[in-house]
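Engineer: Pulled these from TrEMBL:
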ACT_SITE  Lys9  active site
ACT_SITE  Asp135  active site
BINDING   Pro93, Ile94, Ala95, Ala96, Gly97, Leu98, Ala99, Gly100, Gly101, Ser102, Ser103  ATP binding site
DOMAIN    65-143  domain 'GHMP kinase N-terminal'
DOMAIN    196-270  domain 'GHMP kinase C-terminal'
Amino acid sequence: MLYVKAPAKINLTLDVLSKRPDGYHEVEMIMTTVDLADRVGLEPRTDQEIIIHSTSNFVPDDQRNLAYQAAKLMKDTYGIEEGVSITIDKQIPIAAGLAGGSSDAAATLKGLNELWKLHLSLDQIAELGAQIGSDVPYCVYGGTAIARGRGEKIEHIGAPPNCWVVLAKPTIGVSTAAVYGGLNIDQIKHPNTQAMMDAISTGDYAAMCSNLGNVLEAVTMELHPEVASIKEQMKRFGADAVLMSGSGPTVFGLVSNEVRTTRIVNGLRGFCDEVYAVRMLGEREFLD
Ligand SMILES: C[C@](O)(CO)[C@H](O)COP(=O)(O)OP(=O)(O)OC[C@H]1O[C@@H](n2ccc(N)nc2=O)[C@H](O)[C@@H]1O
Ligand SMILES: Nc1ncnc2c1ncn2[C@@H]1O[C@H](COP(=O)(O)OP(=O)(O)OP(=O)(O)O)[C@@H](O)[C@H]1O
């Protein structure tokens with residue numbers, strides 16, 4: 001069995017620039033990987049089947065699974081005459097805005113590249129991944145990056161200043177399509193992406209905190225007021241800055257010290273079932 005780590009991401013910024021004729025939105029967003037990860041196991045099969053086993057009952061075990069779609073795409077593109085059993089040890093909350101499914105798909109593509117000895121570069125794998133979902137190319141590389149286009153154009157940047165990240169996911173799941181669909185482009189309050197880039201490149205933690213921003217947050221909060229109340233709680237318990245990740249509903253808080261991190265996690269446990277304290281993984285070379 002070949003095991004591949006599939007880490008979650010958070011969005012430090014998420015801006016929407018325009019709506020495209022193909023129905024997607026032109027985005028500009030800074031993402032970074034955190035050390036909360038699924039583990040994807042790949043085992044070759046002599047038949048042609050792609051079989052999914054997952055530790056979660058809430059993840060589909062058929063062609064709707066993004067890991068299944070990744071394996072099918074790779075098999076069809078390169079004419080592979082064998083199958084694969086894929087085991088997903090699910091640790092990342094589902095439909096959370098943390099790119100769990102996209103990361104499983106990216107890990108599957110990277111693992112099958114080895115298992116099937118395809119010798120593809122990361123760039124080639126990322127290009128394949130874009131056919132599965134907008135977040136998959138970023139997940140193929142991981143680390144810290146600014147993504148543009150519909151999310152598939154990736155430019156790597158340095159690691160953010162070191163801190164703790166508290167993640168809290170309300171029990172609701174969110175449909176990404178519904179959130180983008182609810183966005184009113186004319187009323188967007190754009191985050192300052194350049195200021196966030198500068199904060200990261202100079203290692204300025206306070207500036208990173210004050211420049212967090214996500215234009216989808218207001219849309220998801222309107223649909224799910226729980227998101228606003230978790231943000232409030234997290235601030236009240238002492239986070240330095242709080243934001244919703246991706247299309248939500250997971251809220252993350254940045255915290256500079258460990259004692260306060262523990263206090264926030266313990267405080268939130270009363271309000272929220274899924275709470276985690278994690279670190280940013282920063283640069284790509286620290287991922288494995
Ligand atoms: C919210 C984010 O997670 C932020 O990283 C991503 O933008 C969404 O990435 P994803 O879940 O991989 O999205 P996809 O599976 O490609 O698209 C799901 C749906 O979201 C909407 N969508 C997605 C990406 C984008 N740039 N514009 C969009 O309008 C579309 O309605 C699309 O049908
Ligand atoms: N391997 C997978 N893991 C989790 N969900 C999956 C997977 N494959 C397909 N799905 C489906 O995708 C939906 C979205 O789940 P996912 O956890 O990827 O959302 P997300 O974290 O919001 O992703 P993103 O941030 O990329 O929008 C789920 O409702 C689930 O039915």
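Cβ coordinates come from backbone N, Cα and C, glycine included.
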Engineer: What is the Cβ neighbour count of Asp135 (active site) at a 10 Å cut-off, with all protein chains included?
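Structural biologist: So the Cβ neighbour count for Asp135 (active site) comes to 29.
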Engineer: Within a 10 Å radius around the Cβ, which one of these binding-site residues has the most neighbouring Cβ atoms: Ala95, Ala99?
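Structural biologist: Going through Ala95, Ala99 one by one, the largest Cβ count within 10 Å is at Ala99.
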Engineer: When you measure from the Cβ of Ser103 (ATP binding site), which residues in the chain that are at least 6 apart have a Cβ under 8 Å away?
Structural biologist: Ala6, Pro7, Ala8, Lys9, Ala37, Asp38, Ile92, Asp135, Cys139
Engineer: Look up Ala99 (ATP binding site) in the DSSP assignment and report helix, strand or coil.
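Structural biologist: Looking at the DSSP assignment, Ala99 (ATP binding site) belongs to neither helix nor strand, so coil.
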Engineer: Please give the average pLDDT for the domain 'GHMP kinase C-terminal' (196-270) in this predicted model.
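Structural biologist: Taking every residue of the domain 'GHMP kinase C-terminal' (196-270) together, the mean pLDDT is 96.
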Engineer: Please list, in sequence order, those binding-site residues from Pro93, Gly97, Ser103 with the Cβ less than 6 Å from ligand 2.
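Structural biologist: Cβ < 6 Å from ligand 2, in sequence order: Gly97.
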Engineer: Let me make sure I understand the structure: which of the binding-site residues listed (Pro93, Gly97, Gly101) has the fewest other Cβ atoms within 10 A of its Cβ?
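Structural biologist: So among Pro93, Gly97, Gly101, the binding-site residues given, the one with the fewest Cβ atoms within 10 Å is Pro93.
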